[in-house]
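A.B. asks: Quick one: the structure is below, and I'll ask about it shortly.
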Amino acid sequence: MLISSYLLLTLLCVYAFLTRSNGIQLILVNNCPEHIWPGILGGAGHVTPKAGGFHLSSGEEVVVGVPEMWSGRIWGRQDCHFDDKGKGSCGTGDCSGQLHCEGMGGVPPATVVEMTLGSSTSPLHFYDVSLVDGFNLPVSMKPVGGGIGCGIAECEVDLNICCPSALEVRVGEKVIGCKSACLAMQSAKYCCTGEYGNPKTCKPTLFANLFKAICPKAYSYAFDDSSSLNKCRASRYVITFCPPK
């Protein structure tokens, strides 16, 4: 009986180790003074964990496990109100009025964390914070424990405070979001599409340069790769909403 119990415990430990080693842990932390509702969207062909969304109280953290080779995006939703069936709306980042986004992206403007993860045999993970869809709240992503050559993706400043009036999204007197130039202007030149769909023809706009000056570690426009895309081999990452400055 003792041997059987020991064998069972050993098998459980091995299983737990294999489970951890074959995936990546994303630790989502709400450092904001108010409640937020993270939204999650897996890329094409990838799973969407946590049914795509959940509530996160101020000071709370939740561990989200994702499989190897996962690709997707995470953003924060604010001022959400849902009924007992998960129906409602959010002031920013809303996904079709659902608590669980389940395959739906967030309505811009929203600060987005993007990632494309590697595997156990090729464990190089790429990640960034993007302002291409605009801004709604500060966010960062960094590896747990750091790592050689591992960068921090972040926009830790509240851009709503210094958002140009042409890009503001307001509710009453309060600025709740800051549009990107693409979202505000809706043209190929600002969105890097059509004849502007390559780095040679699409250059940063005045607004993109402003975003970059304030948040140098975040994507300010579509081809802002050199200073914004991070890579790391860590297996655990912290995504912090309203990271400490």
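Yeah, the Cβs are placed from backbone N, Cα and C, and that goes for glycine too.
Curation plays no part in TrEMBL annotations; they are all automatic predictions.
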A.B. asks: For Cys192, what is the disulfide-bonded cysteine listed in TrEMBL, choosing from Cys182, Cys202?
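C.D. replies: Cross-referencing TrEMBL, the cysteine bonded to Cys192 turns out to be Cys202.
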A.B. asks: Of Cys178, Cys182, Cys191, which cysteine does TrEMBL list as the disulfide partner of Cys163?
C.D. replies: Cys178
A.B. asks: What whole-number Å value do you get for the CA-CA distance of Cys32 (disulfide bond) and Cys80 (disulfide bond)?
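C.D. replies: It is 15 Å, counting Cα to Cα.
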A.B. asks: Check the Cα distances from Cys191 (disulfide bond) to each of the disulfide-bonded residues Cys101, Cys202, Cys242 and keep only the ones within 10 Å.
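C.D. replies: Matched disulfide-bonded residues: Cys202, sequence order.
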A.B. asks: Are there any residues in the same chain, six or more apart in sequence, whose C-beta is under 8 angstroms from the C-beta of Cys155 (disulfide bond), and if so which?
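C.D. replies: Once residues fewer than 6 apart are set aside, Cys155 (disulfide bond) is near Thr111, Val129, Leu131, Phe135, Pro138, Val139, Ser140, Ile214, Cys215, Lys217, Ala218.
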A.B. asks: With H, G and I counted as helix, E and B as strand and the rest as coil, say where DSSP puts Cys191 (disulfide bond).
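C.D. replies: DSSP call for Cys191 (disulfide bond): helix.
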